[in-house]
Amino acid sequence: MTTTPHPAGPPPHHPPHHPDSAQGSTQAHGYGYGYGYGYGYGYGYAPPPPYVAPPLPYHRLALITGRHRWWRPLAGTALLLAGAVAVSLVVLLGGEILGAALDKPTGKDGFRVWGGVGETGQALLALALLLPVVLAAAHWAQRRPAGTLSSVTGRLRWGWLGRCALVGLPLVAGSFGVMLLLPETGGAGPEGSEWAGLGNFLLGLAMVCVLVPFQAAAEEYAFRGWLTQAVGAWCRSPWVAIVPQAPLFAAAHGWGTPWGFADLVVFGLVAGVLTVRTGGLEAAIGLHVLNNLLAMGVSAAIAGALASDETAADMDWTAVAVDVVMLCAYAAVVLWMARRRGIRSMSTGAGTGTDAGALSGAAR
């Protein structure tokens, strides 16, 4: 008996006869593979290719996903302001609840009295909590990776931040030393300074070291990060993006003296230029953290100094002159170092713009 061999694969496909076709017609009607009355395997259309952004400078990174609309920077700014109010209320309410539990006395304003270290800590904590609010505004309102606020690589470049801090440390410390030698720096002067005591000093210093890095970074993310990129989403010119945040940064510190206000504007401009020219916030964060750590660290050693509401806005012209020289020197060295090391100031132009594997005499 002869066995008929089975074919190695499925039988050939014979399209059914279409009623409209003539007998013997050779025209295909598309019931099999290819176009016609059916799509074959897999219905629908192929998804559009992913958006590929062109290489962008830092101040234009809000455009990196292709989802920018004119209203998104406004919506994000409203979210940021609402978040700032919310975190301030949360910190205030938490302080009142904890103060009541610890039986802290009540001041004339009806709030619990925590003393200089405690009240300064509350203020720094409220500012530090702005950091996640700013990142959320970028992610939710502008539909882009929050890391694009950090740099053109989509992340904070820690090595570059460390080098900027090493450059800034002798410059900031030197400017503080010169200010201490000036006859008037807007403070009490050496004669009016009283040692806070070892316990109070260590407590204040610990609070400063824990909170100031986050407070200073949060201000940089808000002003040099969010505001610069919000304006940059509408305008190509880096100067148009850099300039508005500087007076707003100064105004956020209150009004003290015209010289102090001018110093804060210069700080904002220098930090803004460094941010755009180096493609990230690292140089600005390093300078800001160093300045505030030294200023508030010195204040922790002086009795009652942390309770003072003075800021860089209260500086006199002599201290401002020293500070401006320091700011310009820091900017010059950082820009030279960035050119020498080839620090990137433009995004790669790939889908998200990120690298592979990464999505003065008073505190400012």
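Here the Cβ of each residue, glycine as well, is placed from N, Cα and C on the backbone.
Taken from TrEMBL, the feature domain 'CAAX prenyl protease 2/Lysostaphin resistance protein A-like' covers 205-294.
Look at TrEMBL and you will find 1-25 tagged as region 'Disordered'.
The transmembrane segment annotation in TrEMBL covers 77-102 (among others). Distant neighbours of the transmembrane segment (77-102): 111-114, 118, 122, 125-126, 129-130, 133-134, 136-137, 140-141, 222, 226-227, 230; these residues of the same chain sit at least 6 beyond its ends, with a Cβ under 8 Å from one of its Cβ atoms.
What TrEMBL records for 122-140 (among others) is transmembrane segment.
As annotated by TrEMBL, transmembrane segment applies to 160-183 (among others). Same-chain residues lying 6 or more positions outside the transmembrane segment (160-183) and placing a CB less than 8 Å from one of its CB atoms are 190, 278, 280, 282-283, 285-287, 289-291, 294-295, 298, 318-319, 322-323, 325-326, 329-330, 333-334, 337, 341, 343, 360-361.
The feature transmembrane segment is assigned by TrEMBL to 195-214 (among others).
Annotation source TrEMBL lists transmembrane segment at 259-277 (among others). Sequence-distant contacts of the transmembrane segment (259-277) (same chain, at least 6 residues past either end, Cβ-Cβ under 8 Å): 57-59, 186, 220, 223-225, 228, 238, 241-243, 245-250, 253, 283-284, 287-288, 311-317, 319-320, 323-324, 327-328, 330-331, 334-335, 338, 345, 360, 362, 364.
Summarising the annotation, TrEMBL assigns transmembrane segment to 289-307 (among others).
The transmembrane segment annotation in TrEMBL covers 319-338 (among others).
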Chain residues in Cβ proximity to the transmembrane segment (319-338) (below 8 Å; excluding those fewer than six residues from its ends, i.e. six or more beyond): 163-164, 167-168, 171-172, 174-175, 178-179, 182, 185-186, 259-260, 262-263, 266-267, 270, 273-274, 277-278, 283, 287, 312, 345, 360-361
Same-chain residues near the transmembrane segment (195-214), Cβ under 8 Å, at least 6 residues beyond its ends: 116-117, 120-121, 124-125, 128, 131, 289, 292-293, 296-297, 299-306, 363
Same-chain residue ranges lying at least 6 outside the transmembrane segment (289-307) that approach it to Cβ under 8 Å: 115-117, 119-120, 165, 168-169, 172-173, 176, 188, 193-197, 200-201, 204-205, 207-209, 212-213, 215-217, 360-364
